[in-house]
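Colleague: For reference, TrEMBL lists these features for the protein:
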- 490-603: domain 'STAS' (DOMAIN)
- 71-87: transmembrane segment (TRANSMEM)
- 99-118: transmembrane segment (TRANSMEM)
- 124-141: transmembrane segment (TRANSMEM)
- 153-176: transmembrane segment (TRANSMEM)
- 182-201: transmembrane segment (TRANSMEM)
- 222-242: transmembrane segment (TRANSMEM)
- 248-269: transmembrane segment (TRANSMEM)
- 301-321: transmembrane segment (TRANSMEM)
- 341-360: transmembrane segment (TRANSMEM)
- 372-394: transmembrane segment (TRANSMEM)
- 400-420: transmembrane segment (TRANSMEM)
- 432-465: transmembrane segment (TRANSMEM)
């Protein structure tokens, strides 16, 4: 045994465990600052540190000094293009949220300006989104009727937007992006699909010229249905053109505006209202009036805005950050999720003061912005300028917009969100992910949006807990002609070591999985029926006191069978716990090794000695 230990060049480090403060600081740094955002601040004089700090927290100060007219011509084109999409979408999605159409236009003016200052994505285009619009309308509509009490309803929507901004900004400052990670890709896919299905069904009444789906309503208007089908077919055709020829993306981008303008002209000259085709109605000129005085914190109503804020904040962050990162990857760039949270929070906070409702980064507008060749967030400024001109001079023109045109625009957008191919791919690759996706889809479609979302998130968390409670364990074997040890089930050519059992645990040893790990290890030992075993606990990242007690129980059980136990390369945090709890003294330092080779060599030496 001594010879085996002397042959080791490096020894296991038994340094004194770190203090609680040092360990806590290290854990918090890895949890909250995994990207080490302040690495550029090191070794810099105070003046440069201050400058870089301002640039870090307010990104416009980083890119604006480098801005040039060469960038502006691209941003100008992209900004005008996304503005042509923002106008019809703003009016349409405000309708989804049961809000006055002008609120949708307001929401595409102020928030983009705020995002241009604080946002870290070059390509994200700010605006309202269908899912959050429907969520707000559904949750607050349960408390206050938008028809019977429209003013109170509107004030509660502003209040929900205020709370959303507070929550998003706070999460960004506290660097709690980990919370959004619980909204998995499967959950988002199912949630968006279920939401799109509901929205499409809801828009059928607009397509048929009905106000409500009831037995007492008037007969559906065939004129409205014909116009709606024509508009929907045109929009779908432009989407098909975009898919077949990506360079013609602008055809799909301007299609909603073409539908709105055509609908306005048709409604004006054909006197559409006489034929049962309803129009948007009065749209007053003027920029956003202040709404800070309309925020309503009455205890009687406050629960609904808070509930709406919590759910929509998570959905908006997950969608906006995911979309921003997706397009950044295409340019080999990075988007800081925590900066995005702060930017979203500020733009919703300011928006709630200026007659706007919840905004984030919608996929459709961001895709158009990216394809139009935008270079910086200046495209959002251009879009806001276009919206300003619309609010000051053109808003009344859109009052003739047929509701059936808005329904067609919404349905066309929603059909693109039902990603059945992605759901099928989930079914083929991972049945549990497919279950999470369908839980969100069916829950949203048949129960409610918040229940469907919580059901799907619950299943995702359950899966994560199962990974912790039932960690993967495997027996390692030696790969021929190498010093590698790998799972013998994955690599059948790997050879077991006679008289030695090498096990690897792929999880922290915590209280939820201690009993399983103990029983699984003893089962491995029983199946192998080995007389001398080296038990490797590599890849264990953490351990708690229950885990240490479990190791003691395993050690005693193996000693009772005449089997020795060894540990290989415990990580820093694990080693500290083992030293503090005296487990290292119990197992003996001679049974803790730096590598599998060292452990096997020592085990073979022990086997020869015992014989």
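Any Cβ shown, glycine's included, is placed from N, Cα and C.
Whatever TrEMBL says is automated annotation, not expert-curated.
Small disclaimer: the values here were computed from a predicted structure and weren't measured.
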Colleague: So, does the transmembrane segment (99-118) come close enough to the transmembrane segment (182-201) to give 3+ Cβ pairs below 8 Å, pairs being at least 6 apart in sequence?
Modeller: no
Colleague: Considering pairs 6 or more residues apart, do the transmembrane segment (372-394) and the transmembrane segment (124-141) have at least three CB pairs under 8 Å?
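Modeller: These two segments touch.
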Colleague: For the domain 'STAS' (490-603), provide the mean pLDDT of the predicted model.
Modeller: 79
Colleague: Are there three or more C-beta pairs under 8 angstroms joining the transmembrane segment (341-360) and the transmembrane segment (432-465), sequence spacing 6 or more?
Modeller: no
Colleague: What is the three-state DSSP composition of the domain 'STAS' (490-603), stated as helix, strand and coil residue counts?
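Modeller: Split by secondary structure, the domain 'STAS' (490-603) comes out as 56 helix, 13 strand, 45 coil.
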Colleague: How about the transmembrane segment (248-269) and the transmembrane segment (124-141): do they have 3 or more C-beta pairs under 8 A, pairs 6 or more apart in sequence?
Modeller: no
Colleague: Taking the transmembrane segment (99-118) as reference, which of 71-87, 124-141, 301-321 has the most Cβ pairs under 8 angstroms?
Modeller: 124-141
Colleague: So, taking each listed stretch (71-87, 153-176, 222-242, 301-321, 341-360) in turn and counting its Cβ pairs to the transmembrane segment (124-141) that are under 8 angstroms, which one gives the highest count?
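Modeller: Checked against 71-87, 153-176, 222-242, 301-321, 341-360; highest Cβ contact count belongs to 301-321.
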Colleague: Taking 71-87, 153-176, 222-242, 301-321 as candidates, which has the most Cβ pairs under 8 Å with the transmembrane segment (341-360)?
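Modeller: Highest pair count goes to 153-176.
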Colleague: What residues in the same chain, six or more past the boundaries of the transmembrane segment (153-176), come closer than 8 Å to it by Cβ-Cβ distance?
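Modeller: Hits for the transmembrane segment (153-176): 32-33, 97-100, 103, 136, 139-141, 143-146, 291, 294-297, 301-302, 304-306, 308-310, 312-313, 316-317, 338-353, 355-358.
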